[in-house]
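So that you can see what the record holds, here are the features copied from TrEMBL:
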- 1-23: signal peptide (SIGNAL)
- 112-434: domain 'PDEase' (DOMAIN)
- H188: active site, proton donor (ACT_SITE)
- H188, N189, A190, V191, H192, D229, D338, Q389: AMP binding site (BINDING)
- H192, H228, D229, D338: Zn(2+) 1 binding site (BINDING)
- 423-465: region 'Disordered' (REGION)
- 426-446: compositional bias 'Basic and acidic residues' (COMPBIAS)
Amino acid sequence: MGIVLIWSLVMILTRWISHKRRGAISYDSENQTALYIRMLDVRVRSQVGFEPEPRGSHPYLYVDFRTLHSRPQSAGPVSARNVRRLLSFQRYLHSSRFIRGIPASNPLGYLLDDDYTGQAKLMLEKVGNWNFDMFLFDRLTNGNSLVNLTFHLFNSYGLIELFQLDMVKLRRFLVMIQEDYRSQNPYHNAVHAADVTQAMYCYLQEPKLAETMTSCDLLLGLLAAATHDLDHPGVNQPFLIKTNHYLAALYKNSSVLENHHWKSAVGLLRESALLSHLPTEDRLNMEERLGSLILATDISRQNNYLSEFRAHLDKRDLCLTNGGHRHFILQIALKCADICNPCRPWKLSKLWSEKVTEEFFHQGDIERKHHLEVTPLCDRQSNSVANIQIGFMTYVVEPLFVEWSRFSDTRLSQTMMGHLSLNKQGWKEGRDKQEASTSRASEEQRTSAAKDSNSKELPQGSKRS
């Protein structure tokens, strides 16, 4: 009976929290053009001409296909995500009673769940290893890789103490980030965010960065990595534009996803009040710099950043004592971390490649189903994982990492370039074998068909004779 009463109370509280947050748009009175819309809780209503759509109507996408179809609004069941968030936060609130007695040497032992111990803890001791297996770490932490990794990095850098962060607020903020990534996405999910954060940490450990980056740079670099794809819908910008999605209209078809990731991150920072103790000017400046980092991950602006990076290296005028130059290098580092999968060991790289291609092909399937023009990259009928990866490595990854190696000629850079070369060759060999196998199968089919045709013609000839 007691358990039933407790669960009923949890459900009531969850519905109340969901009601209070759903449909709320955080409005920044100091910047009247900024609307922080989070796709987790917000649907633009009829005053701007969009039909609201119940969450969960598309397993991989939570987008409004107002030009394709509409569904009736329904209350639906209480979100399991909100239940998990509430239960998690209640546990952390309980832990907060002992915050004042936490030893500075090991705060994680008090705040992190039991899954932090054992093998997961051992893995974190080698978090700077480029061979770090984020898939394994995610399994060892029961799907909490992003929370545990980011909290560990904040602690190891001393950022919690330096910025006087409330550890319960920080934990709640990280939980909300992880929950706002969509686990249904094969690729753009919290595990990818954790992997990018780990890569960013590796780059921040490189001598040129480790010697010059300030505490604020480190904080923003890790925050940007953890939130750079926040609430990603699992489709690309052109898809949102051609389906007249409200985010495309809101951000005027420019860096739509990246703007949404940034504004979602700012919304969570404010909701958690993680930085509320800082002066307003400092807090707003950090939000702007966070946005500048996340916006740099827009792949359509790749050539702009690459050209500027190459020009700096040619002129040898990068000076990391200059705040602007440090911020630019942080942008480049985040861009590298975001697309570093082809530079990982083959076992990890191949798995990431298969996951991102699965997400691409799912978008193509939706486009074909709704009679939209199928994005070439997303067409499973005319493309393959190998072809996509070879093209991606050749035209996107390799040019950027060649310049990064010029900037930071270290063992890590050499390792990444070595993996990139081996992985590219691996995909080429796999593609050649597949093409050869397909060619043999086609030749066998033609031979078999010819034999069948001849066998049918012989009796007819004998009859004529």
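Residue 1 is the first one shown; counting continues down the chain.
Each Cβ is built from the backbone N, Cα and C atoms, and glycine gets one as well.
The structure displayed is predicted, hence computed values, not measured ones.
Packing around D338 (AMP binding site) is summarised by its Cβ count: 22 other Cβ atoms lie within 10 angstroms of its Cβ, all protein chains included. Secondary structure of the compositional bias 'Basic and acidic residues' (426-446) per DSSP, as helix, strand and coil residue counts: 21 helix, 0 strand, 0 coil. If you take the CA of the residue listed as 'active site, proton donor' and look 10 A around it, the binding-site residues you hit from D229, D338, Q389 are D229.
H228 (Zn(2+) 1 binding site) and A190 (AMP binding site) are 10 Å apart (CA-CA, integer value).
You'll find the Cα of N189 (AMP binding site) roughly 11 Å from the Cα of H228 (Zn(2+) 1 binding site). Cα-Cα distance from Q389 (AMP binding site) to H228 (Zn(2+) 1 binding site): 22 Å (rounded to the nearest whole number). Taking the Cβ of Q389 (AMP binding site) as centre and 10 Å as the limit, one finds 27 other Cβ atoms among all the protein chains shown. Taking the mean position of the Cβ atoms of H192, H228, D229, D338 as the Zn(2+) 1 site, the remaining same-chain residues with a Cβ inside 8 Å of that point are H188, A193, V196, A225, H232, T297. Calculated from their C-alpha atoms, the gap between D338 (AMP binding site) and H228 (Zn(2+) 1 binding site) amounts to 9 Å. Per-residue confidence over the domain 'PDEase' (112-434) averages 96 (mean pLDDT, predicted model). Cα to Cα, H228 (Zn(2+) 1 binding site) and H192 (AMP binding site) are separated by 10 Å.
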